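Worksheet: the structure to be examined is printed underneath.
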Amino acid sequence: MNNQKCSTLFQKLGGRTRIIQCIYVVGFMDLFGVSMIIPLLSHHVKALGASPTVAGIVGSTYGILQLFSSTIVGGWSDVVGRRYSLLTCLLLSAFGYGLLGMSTSIALFVLARIPVGLFKHSLSICRALLSDLVSDSERPLVMGHFNAASSVGFILGPVVGGYLTEHEGGFYTSSFTCASIFLINAGLVWMLPWSEALVHLNDTNSSNNTSKGCHDNNCRKLVQNGTHADKQNLAETDSGSKAPGKHRGGLRWREVSLLQPAWKQLSSVSSKIHTVASSDMWDLFLVRLLMAIAIMLYYSNFSLAMEERFSLKPKVTGYLISYSSTLGALAGFLVGPVTKLYGNNMPALLLHSTVLTCSLIFLYAAAPSVWQVLLTSTFFAISTSIGRTCITDLELQRGGVQASGTLIGAGQSVTAVGRVLAPLLSGLAQEFSPCGPPSLGVVLALAAVGLLLIRIPKWDGRGLTKVVKLGKSK
């Protein structure tokens, strides 16, 4: 009987695999289109007559908007559902890149960056959707594959963008191509079999007593927000009457229709952000910030340092960067096996990957030859890929997947703070030595290691990860 009820739930999740595979394609195409544009932005804004200072200010517009909008859009996806929030982000991003293709002045260029800065959170929502669809044990593997697919797109995009730029009006062609890619992604998301991925609340409730007989977490997990969050039967099927809210995994959850007044949606988003801000997750976010800055410092003056330290030509440095990027993409496929090797002990895996990353940054800063740099770059790409997946998975474990959009958005906001601080710290450190930025990165990574050593015993009681759900006191 237990196996039969579990089988029923699995049948309702029959479209899950197709959705996951399509999300991989969306992630690939997303970064493929974006990476076509990124290398060309600075050249285009200068071609429009901007001074270096103005170009710098214009270039920071996107990062500042992302800093403030990541958490808000992530929380909004928790409220109205992944489908419509993802479609909104894709369509408005397409509009922004299309407008960028028509930018013939600095003012129009800045205007085009606003919708992209506010709504280019499609990858974050995709990650939140994936976390909704898979069990906790499957999540590192699926996230690793998604990161790998996205990274491959980021590697191939500049090649196509560079080719298009060689022709007349190449920047405008690249912009319109990117906009078209986002429109295709929106169409793909619209056609996904959302209804097959939804496990209704009444089916889940009726199987609560039998979930112990099922050996897969999918039998206990409600796939929420994968489809229309505004279907009121999600709140009504169990009792036959409207319920103002319900507890799912410790978080008080309230479904809000996309067609509800904006103030109601805003109120729900604000409540979720406040819940995350007031939770005891500062240690994870601080580790994310420290490691984000350390990794950015490693890359900040890589080309210049290679030239000054080893008289390496830019072409050779480019090959080295491409090699590292390719390994980083392939490392996404190692996350699942490595996680299984650690027995899904994510705190230990995060600690070890952080220690390895710190050691590799130190070896790079002290490298006496290019061959040592090549060796450190090889393992650095792998350790950082695993570390990023670990920190995201721990945030979702401790915060609960019910607020996955808000949590992932908050993590992206923290990383955006790192993007703002890293160039400033890199410039100051380079005043002393070409090895200054990575040396400072070593100090920050050591601080992250120390913090993990202090905090992990509080996460990990009796060898088991201590899951702290948002909305519940410790």
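Heads up, the Cβ atoms here are built off N, Cα and C, so glycines get one too.
All annotation found in TrEMBL is predicted automatically rather than curated by experts.
Features of the protein shown, as given by TrEMBL:
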DOMAIN    19-462  domain 'Major facilitator superfamily (MFS) profile'
TRANSMEM  21-42  transmembrane segment
TRANSMEM  54-77  transmembrane segment
TRANSMEM  84-100  transmembrane segment
TRANSMEM  142-164  transmembrane segment
TRANSMEM  170-192  transmembrane segment
TRANSMEM  281-299  transmembrane segment
TRANSMEM  319-336  transmembrane segment
TRANSMEM  348-367  transmembrane segment
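Sequence-distant neighbours of the transmembrane segment (142-164) (same chain, 6+ residues past either end, Cβ-Cβ under 8 Å): 20, 23-25, 27-40, 123, 126-127, 130-131, 133-134, 170, 173-174, 177, 322, 325-326, 328-336, 385, 388-389, 392-393. Within the same chain, the transmembrane segment (170-192) packs against the transmembrane segment (21-42): three or more Cβ pairs sit under 8 Å, each pair at least 6 residues apart.
Residues 55, 59, 97, 100, 120, 122-123, 126, 129-130, 145-146, 149-158, 160-162, 164-165, 170-171, 174-175, 177-178, 181-182, 184-185, 188-189, 192 of the same chain sit 6 or more residues outside the transmembrane segment (21-42) yet have a Cβ under 8 Å from a Cβ within it.
Long-range contacts of the transmembrane segment (54-77) within the same chain, counting only residues at least 6 positions beyond its ends with a Cβ under 8 Å from a Cβ of the stretch, are 41-42, 45-46, 85-86, 89, 106, 109-110, 113-114, 116-121, 124-125, 128, 225, 265, 268-270, 272-273, 276, 403, 405-410, 412-413, 416-417, 419-420.
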